[in-house]
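A.B. asks: Features from TrEMBL:
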BINDING   78, 83, 160, 165  Zn(2+) binding site
C-alpha cells in the first residue's frame, strides 16, 4: 500500500510506522495482500473476527502515509502564491480550526492549511490513548468520531490536489498512483460510512467515475 515515486520517497511529514510484530502490523499486511488481488471492494471489508476500531485505525494510519507521500511530490507546485486559499475548485474553500489551538476558523493558504491539517492528524495518531498500539488496550468511546474527522480532513488534501494540481501530477506521471490511492480511500470510507456525502461533493463526479465500474 506504500506508493513510491521515482528513486526517492518524498513525504511531507514523517511517515507514521505501525510497530512490526504487533497485531495492527499483521492487519496492515493482510490489507496489503488483499489489495494486491486488485479487488478494492473486497480489500476494504472488515476481516472475519477483527475489531472494527482497529481496522479503521490501521487504515487511517495508512491513508495518512499515502496522502503524506502524494502531497510531498507536489509541494513545489503548491505555494503561498499559487494557492493563497485552501480550495477544491471555485466552489469550495476550507478554513482551518482544530478546536484547541485555533478555535475560530481562519482563512489561510493551501500549504499552510495542509501543514496545520497534517500536523493535527499526526498528533492524533501519536496519541496512545486515542490510537492504542498495544494489544489489549481498548479504543476510547470517541474513537470513531475522531477517525471520521481525520478522514474528512484528509479527503480535502485529495480534493485540493485533484482540483488545483492535477497538471503537476500528470507532469510527474503520478496520476495512476493518485487514482489508485483515492479509489482505495473512497471505497474504505463508503464501506463504513465514514464521511458525509456532502463533504465529498468537490470530487463527486470523479467518485462516481471511479466507483461505478466496481458495483
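Glycine is no exception: its Cβ is also placed from the backbone N, Cα and C atoms.
Where the annotation comes from TrEMBL, it is an automatic prediction and has not been curated.
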A.B. asks: What is the Cβ neighbour count of residue 78 (Zn(2+) binding site) at a 10 Å cut-off, with all protein chains included?
C.D. replies: 21
A.B. asks: Can you list the residues of the same chain, besides 78, 83, 160, 165, whose Cβ falls within 8 Å of the Zn(2+) site's Cβ centroid?
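C.D. replies: Going along the sequence, the neighbours come out as 74, 77, 82, 110, 111, 114, 161, 164.
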A.B. asks: Using other CB atoms within 10 angstroms as the count, which residue among the binding-site residues 160, 165 scores least?
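C.D. replies: Minimum Cβ neighbour count within 10 Å, taken over the binding-site residues 160, 165, occurs at 165.
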A.B. asks: If you draw a 10 Å sphere on the Cβ of residue 83 (Zn(2+) binding site), how many other Cβ atoms land inside?
C.D. replies: 19
